[in-house]
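These features come from TrEMBL:
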BINDING   H80, D91, H187  Zn(2+) 1 binding site
BINDING   D91, E126, H379  Zn(2+) 2 binding site
DOMAIN    207-305  domain 'Peptidase M20 dimerisation'
Amino acid sequence: MLQINTERLVASLLELGTHGALPGGGVNRLALTDADRAGRDWTVAQMRALGMQVEIDAIGNGIATYAGSEDLPPVMCGSHIDTVRTGGLYDGNLGVLAGLEVVRTLKDAGVRPRRPIAVAFFTNEEGSRFQPDMLGSLVYVGGLPLAEALAAPAVDGPLLGDELARIGYAGSAPVGQPVVDSYFELHIEQGPVLDQQGIQIGVVEGVQGIYWTRLVFTGKSNHAGTTPMALRADAGMAAMRTAAFAHQLAEQTGGRQLATVGSLELVPNLVNVIAAQARMTVDLRNTDAAALAQVRAQLHAFAAQCAQEHGVQLEAETLADFDPVAFDPALVDSVEQHARAAGCSTLRLPSGAGHDAQMLARVCPTAMIFVPSIDGLSHNVREYTPPADIGRGAQILLQVMLERANR
Ligand code: HGY
Ligand code: MN
Ligand code: MN
Ligand code: MN
């Protein structure tokens, strides 16, 4: 049985991590920034050094292909190399670099599978700078028109299409109708389940539903010391009461309901000025689509009522809206069988985080492999997965892809 080279893979993760490295550890490679360009350039150079044919498509996705003995639709793996602002070495990067390690292992052994092997990095998976998240893979599968994606504004201003051109990744390869046999994504769990239970391989059955909304409350700034409570149009209070409601709603709903207010900006954000405006985001998730829909409706109803009580305007914008996704049962079984045959402990679970795999699942049989995140940490500079776990995950990726590519 071919064996991947764990040391080589870990070394490549550390090397990619030097692009956008944060002082003291961690990585900041927000999508389409100069740091992301550096990470992309490095990754494309690795792909080319492996003799892979590299295509950059119209939304900046990078797709590298290692030819098979027959010209058939490829077995693809991949993920993303953009990170959040306080990112780690492994989120996304592992899926792309493990794919390159699979190709290195095949090449070193002179193995040419029947089907080509493709390795992809997708643009703006994180959704931190541009929304929605998984934007590049969503366009790749035809789930979002290219023109709409290129017009997406960054939270810091520029349009996505302009940033793609600025960093030299406005490719020409078409998007929207991919021809892919199957897709596998190796990813860190980014949660505490595997680490807490001492499980080595997560057999991912699907991804939970994700809903993001931006709420902008607009009131009237006024003096904190002279304005009676009844005469205020306090945007800040309306926003913060809504944030508290979101938290309470998740607790009341229970099950796997999650609610996160990750960003909340007050204007003018001064101690003695009633906020004229409050801009906040709410991230709601649940494996249960009906419960998620109900929570979403309750949140918006409360926000509207709150705006009225405070005499402020409310604008709501949907930033992401993805139903729960189930992966291909036969491929999920294959991940589980190979992991168990390799002597790994396994657990079936849904993914809490969004992934490019949930978009590829719209067009081809898809499965994911999880490896543990120590202390469940991710989107945090202290994100960590030990080399032994990285090696196990990459070895399973090699085996399930090779089996699929030769069938
Ligand atoms: O938000 C997510 O789940 C993903 O990391 N973009
Ligand atoms: Mn990720
Ligand atoms: Mn992430
Ligand atoms: Mn993700």
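Count begins at 1; order follows the chain as displayed.
Using the three backbone atoms N, Cα and C, a Cβ is placed for every residue, glycine included.
Residues D91, E126, H379 make up the record's Zn(2+) 2 site, and a Cβ search at 8 Å around their centroid adds T83, V84, G87, G88, G92, S128, Q190, A353, S378 from the same chain. Counting other Cβ atoms within 10 Å of each Cβ, the lowest count among the binding-site residues H80, H187, H379 belongs to H379. A 10 Å cutoff on Cβ-Cβ distances gives E126 (Zn(2+) 2 binding site) a total of 23 other Cβ atoms nearby, all chains included. Taking a Cβ distance under 6 Å to any atom of ligand 1 as the criterion, the binding-site residues H80, D91, E126, H187, H379 reduce to E126. Checked against ligand 3, the binding-site residues H80, D91, E126, H187 give D91, E126 as the ones with a Cβ under 6 Å from it, listed in sequence order. H187 (Zn(2+) 1 binding site) is 13 Å away from E126 (Zn(2+) 2 binding site) when you measure Cα to Cα.
A C-beta separation below 8 Å, combined with a sequence spacing of at least six in one chain, links D91 (Zn(2+) 1 binding site) to T83, V84, H187, I188, Q190, S378, H379, E383.
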